[in-house]
Amino acid sequence: MNHKMNVYIWDMDETLILLKSLINKQFAESFNGSKNWMTGVTIGKAWEEHVLQISDDHFLYEQIENCNMPYLDIFNQCDDGLDLSDYDFKNDGFSTPADDVNKRKLAYRQRFIAQKYNKGLHSILNEDLIKCLDDLYHTTDTYTDGWLSSARSCLEKCATGNAELPPSDCSTLGANGEEGAKFQHVNVLVTSGALIPSLVKCLLFRLGDMIPCQNVYSAWDVGKVQCFTWIRERFNSQNVQFCVIGDGMEECGAAEAMGWPFVKVDPSCSTKYHRFPGLTSEDLDLYLAVVYGNRNDESTK
């Protein structure tokens, strides 16, 4: 029996979370007056403020905002493993990574950010702020009729049976065809936003335990086709199948270019497409079956 893997490639905004549609009133307006749009705007702006503040205060975003990278591992080969316990990021003379010295300094920052991500928000924020964020999460989930918790539940089911992941620097995933191997499922995030705020959003919206930091890609500068190409190279095996889930035309076009199934999500309450609550991992399996056949069933024979 071959080693099997599903790679679910998610968009973030207006797919796993709602933010823009709250701020621009689109979400509330789709309910024809039954949702208070002012509440949605207040919620959305509160999240925006927290994302930017935490990005700057704890994830060095203010220092590296102008050199957005598509993924955290991109300069791993430049990292000499220096102990960063007492490293002074504010006074190391870091500038745009145009030479090896500054690439190494950026690699230090990216390693530091990965360490912070892996430890989680409870290790870096005080109890009052954690309580505030918990309250905001529950308020948002109630206002959106369970969008956040439903999306998280779907993501959790997709993550069941995760394999040990290869690094995101396009290395190859080995598939040795081990007897008795089960289907493996991996969640990857490809966002149009900048990398650091996107990582912070993952933590704020309780997605960090299901999307490792090395599985977060920013298409801000390179586009989603390039990100999808890296992901295909990283999970390089004939036994891997990919599924893209998002709300935008860019990820739809990129999925089509790769020959992968695309699942359209739409926050509108009257949509003919998928939304949360509603979309499930079983729905994603149906899309996979259309393109790849019933390989989930075959793997259990």
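Cβ coordinates come from backbone N, Cα and C, glycine included.
TrEMBL: automatically predicted annotations, no manual curation.
Just so it is clear, the model here is predicted, and its values are computed rather than measured.
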(message) Can you find which of Asp247, Asp266, Asp283, Asp285 TrEMBL lists as binding Mg(2+) at the same site as Asp11, Asp13?
(response) Asp247
(request) Taking the recorded Mg(2+) site as Asp11, Asp13, Asp247, identify the other residues of that chain whose CB atom sits within 8 Å of the mean position of the site's CB atoms, giving them in sequence order. (result) Met12, Glu14, Thr15, Leu16, Thr191, Ser192, Gly246, Gly248, Glu251, Val265
(message) Can you tell me how many other Cβ atoms are located within 10 Å of the Cβ belonging to Asp13 (Mg(2+) binding site)?
(response) 19
